[in-house]
There are 2 protein chains.
Amino acid sequence: MTRRPPRPRERGIPEATVARLPLYLRALQALDERGTPTVSSEELASVAGVNSAKLRKDLSHLGSYGTRGVGYDVEYLIYQISRELGLTQDWSVAIVGVGNLGRALANYGGFGTRGFRIAALLDADPAVVGDAVAGLRVGHIDSLEEVVAREHVSIGVIATPAAAAQGVCDRFVGAGVTSVLNFAPVVLNVPDGVDVRKVDLSIELQILAFHEQRKADGRGGPEWIEALEA
Amino acid sequence: MTRRPPRPRERGIPEATVARLPLYLRALQALDERGTPTVSSEELASVAGVNSAKLRKDLSHLGSYGTRGVGYDVEYLIYQISRELGLTQDWSVAIVGVGNLGRALANYGGFGTRGFRIAALLDADPAVVGDAVAGLRVGHIDSLEEVVAREHVSIGVIATPAAAAQGVCDRFVGAGVTSVLNFAPVVLNVPDGVDVRKVDLSIELQILAFHEQRKADGRGGPEWIEALEA
DNA sequence: ACGCCCTTGTGAATGTATGCACAAAGTGGG
DNA sequence: CCCACTTTGTGCATACATTCACAAGGGCGT
């Protein structure tokens, strides 16, 4: 294992890198809309709010898509990152739980523009079923399996109250969904091969509270270094 | 610097640990409500969805609050984690942007129960200002500085469209807020000493899409190890 | 009072991520 | 055609995180 053939990426992109690719993608799209044809790692890093060395190492995991002395071609890099993230194909998403959060998700513009199609909105509450939200009719949760099959849903979004989340998750998994995005404040149990990501509003606040307290404690303390995450 | 006095925690809890403490806290509260008096690291880890060695190391950063041979006292540990996170004091939160997301946040029960008080809801849209949401009257964005001072707001939540986010952030910072939770899909620029955490719906979906694609690509591929994050 | 069993707390090993600093590689001017 | 300048891509050092494996310590039965 000494020479690497001109094969671009070989499998195995670090998780930390994957988590930053969407950030780069967004920064690049902003540059593209402004008509910028090429960008250096320094500039792009600054827009994305990261260190330029990190950016270059991240991009190097996808392949050598830059030009030394020049930088990166914005459109080409957008394409490469999109492809790597799997955004060149369409993904069907089903959202379960049409409360305020579910509505916010359904109306969130960022989805449709990036290869995600909301295939269905489902809820258990008869008072909500039948409503029109974001141009879709809300269906009943009982049709989950049918909808997943018909619409080829591969990503399930859970925006229900905590108590209902595990049940919905089980039904998603049972119907063949292998990626779940969970907004309910519970730890979901899933079999191997199923990815779960969670977004938890109150956890983020608690982390902020911790740092905030540290800043206040520090009155009179010796050092004061504050780690920042952008 | 050789001997450590019996002082429990000395400053400097790893960031990764801090991010998990809220998870443990929630698991403990669930156990407490069920009347469980003590819990072993194995059990608690299982409920929280992490490895038990990791749990023990995390807790060891706070001090030695367990009893060998027995486990942890649930109530005592709840108190210790709460104190460490700064949840034994009250934090005032202001939410800017009262769209669907802002409403979802305002109505989210998990806040009030854990030391977070929603001090104000603000919006720029005259059609929304004056509405009652979650028992509060929506104020105008122009009163931001006044509200922050009067209510001692220390955490600002941004739930506005992307274009407005940086401006709101600047006003928060100018008013003295040093912790910001950002839901808008932009990278915020803040001076040193200000913490920003972001929650980005579309980034999470893109990460899922990446892994989903990998699973599909893998048809015929040799290995199949899937990293999971719960 | 003693010894067995259980579970914590932690040293050490491994794995992963970050950031510096520079050689390699491309551009453009003369 | 060559040289000076710019910017990438990466080897290396360091820092951070995870996991194993076990000694230290506490409870409980006899």
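Note: Cβ is positioned from N, Cα and C throughout, glycine not excepted.
Copied over from TrEMBL, here are the features:
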DNA_BIND  A:23-62  DNA-binding region
DOMAIN    A:86-187  domain 'CoA-binding'
BINDING   A:Gly97, A:Val98, A:Gly99, A:Asn100, A:Leu101, A:Gly102  NAD(+) binding site
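A coil conformation is recorded for A:Gly97 (NAD(+) binding site) in the three-state DSSP classification, outside any helix or strand. Taking the Cβ of A:Gly99 (NAD(+) binding site) as centre and 10 Å as the limit, one finds 18 other Cβ atoms among all the protein chains shown.
Residues from the set of binding-site residues A:Val98, A:Asn100, A:Leu101 situated with their C-beta under 8 Å of a chain B C-beta: A:Asn100, A:Leu101.
A:Gly97 (NAD(+) binding site) counts 26 other C-beta atoms within 10 Å of its own C-beta, drawing on all protein chains shown. Of all Cβ atoms in the shown protein chains, 25 besides its own fall within 10 Å of the Cβ of A:Val98 (NAD(+) binding site). Across the domain 'CoA-binding' (A:86-187), DSSP classifies residues as 35 helix, 31 strand, 36 coil. The binding-site residues under consideration are A:Asn100, A:Leu101, A:Gly102. Their Cβ neighbour counts within 10 Å are lowest for A:Asn100.
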